[in-house]
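*Asks:* One structure coming up, written as structure tokens, with questions to follow.
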Amino acid sequence: MRKTKIVCTIGPASESVEKLTQLMEAGMNVARLNFSHGDFEEHGARIKNIREAAGKLGKDIGILLDTKGPEIRTHTMENGSIELAAGSQLIVSMDEVIGTPDKISVTYDGLIHDVSVGSTILLDDGLVGLEVTDINKDKREIVTKVMNSGTLKNKKGVNVPGVSVNLPGITEKDANDIVFGIEQGVDFIAASFVRRPSDVLEIRELLEEHNAADIQIIPKIENQEGVDNIDAILEVSDGLMVARGDLGVEIPAEEVPLVQKELIKKCNALGKPVITATQMLDSMQRNPRPTRAEASDVANAIFDGTDAIMLSGETAAGNYPVEAVQTMHNIASRSEEALNHKKILSARSKQVSMSITDAIGQSVAHTAINLDVNAIVTPTESGHTARMISKYRPQAPIVAVTVNDAVSRKLSLVFGVFATSGQNHSSTDEMLEKAVQKSLDTGIVRHGDLIVITAGAVGEAGTTNLMKVYVVGDVVAKGQGIGRKSAFGEVVIAQNAQEAAKKMKDGAVLVTKSTDRDMMASLEKAAALITEEGGLTSHAAVVGLSLGIPVIVGMENATSILKEGEDITVDSARGAVYKGRASVL
């Protein structure tokens, strides 16, 4: 079962209900809408189709709105493009002009105040590099030297590595797009070109003004300034996207893998989801199979600790959108098999100060690994407990049961968490019982599984204070257990020693009213013993202890409740009998 989440960008190649359904079946968890392209009508139609496809499949698919952000671009060029020659002089004007080989202009007129002589300006994702040689503030012009030849087309991106650019946190377009997203009920805002915490707070203020504070903000780190301010940015954010495209232009390419590892590590420490994005399976826009380097890139992001991996052009405009998702699913699933969960847990358990929820999350992860449980089940109001458990990367899947569909969708970015909708409860016992039932409904948990349940006060977020180890089973009957062992076997019912001698076989569970010394030969074959007669000093109790087999005494009507030949699990520690095979301690 894949735990890494997959984010898919939706575009012309994937916007139909039919194609979206195929993407979801292939493994898409979150749909990304890139607001650098398209209008409200297009994106509104895509959101409608996403919800229709998700509804058909009964899936909770998160929707992520990716803002265009406060970027810098060139204006238009003469005849659509110009040729720039290495060594030539190029003036960058703050006033809009038609671009020529001698002079171009940019959309941000404050650039002249941010750069200095010696600064580097990169055009079109670094295709052409410029070095600032002079600044003429009277003419509002930056004089540069072209570092390498290249063709420059209309409205290309401008990057200024190593320079703190005083662009606004969000533009007017971004604000309008976010308000549209609020009206459409999106789950995440991916904020482009975040440089400082105030950029995130501007968006949070806008969300609060529109009563949408529950929408999560995922800053995209795309420049050196964002990397430098990462700790402060994470304090006010709900997660992070490592946007390696622009980041690789702003900082040297050889630094990108190291920055990726560091950003992921910081998110892991805080229990905040992190998305690794850009060019993960880029060649699959054109080819049905990825390059070996791309497969390694996806795997290494998972080894680094990413919660989610993202597809951009591969699903938005590529020729093989469904195949790209399936490929990413296959690589992620195989890579997860190589994760050393004990090592990860040990490394992340060295945190000194923590909240009660964090402490419970760590304890749950330790218990899950030590007992090799089948699943972790957590009823949750806000999703916080599930995130805190995921932080420690337990091997067992985390089933988060929530009454809030929006919380369920927000957990679609969190590693190892499988959210399902529950219902309101009046007591903790009822909440736990219903959570176990919902986990059974998902198919992740089955009867006989050993699970860990963690929860808090009913209806209150942030109160997690309970952990329970539980066997999910059909409890057939109960009595008084002797010892702490368990056994699985076929039921043999005997009313007396003669019947027992005739029917008993090695490894069976002997069920009888009472035992005596005439039954010793049969008892020596038994995997477990159940009697209707009670008492810690009864013959059955004493003999069972001496033979070292699990015994349950005082089980009323055991010879009529249990059926000849049925398979059961005897748990003497709890004095319980489960139908079929159950995982008990």
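Glycine is treated like the rest: Cβ placed from N, Cα and C.
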*Asks:* Among R73, R195, R196, R204, which is the one Swiss-Prot gives for the ATP site where N34, F35, S36, H37, K156 also bind?
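*Replies:* Answer per Swiss-Prot: R73.
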*Asks:* By a simple count of other Cβ atoms within 10 Å, which of R32, K156, K220, the recorded positions in the record, is least packed?
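*Replies:* The recorded positions R32, K156, K220 were compared, and K156 has the fewest Cβ atoms within 10 Å.
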*Asks:* How big is the gap, in Å, between the Cα of T67 (K(+) binding site) and that of E222 (Mg(2+) binding site), rounded to a whole number?
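*Replies:* On Cα coordinates alone, these residues lie 13 Å apart.
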*Asks:* Could you measure between K220 (site 'Transition state stabilizer') and D246 (substrate binding site) for me? Cα positions, answer in whole angstrom.
*Replies:* 10
*Asks:* What is the nearest of the binding-site residues R32, G245, D246 to R73 (ATP binding site), using the Cα of each?
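*Replies:* Of the binding-site residues R32, G245, D246, D246 has its Cα closest to that of R73 (ATP binding site).
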*Asks:* Please list, in sequence order, the residues in the chain of T278 (substrate binding site) that are at least six apart in sequence and whose C-beta is under 8 Å away from its C-beta.
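*Replies:* For T278 (substrate binding site), the qualifying residues are A243, R244, G245, G248, M310, S312.
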*Asks:* Using a Cβ cut-off under 8 Å and a sequence separation of 6 or more, which residues in the same chain sit near F35 (ATP binding site)?
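*Replies:* Spatial neighbours, sequence-distant, of F35 (ATP binding site): H43, L65, D66, T67, K68, K173, D174, D177.
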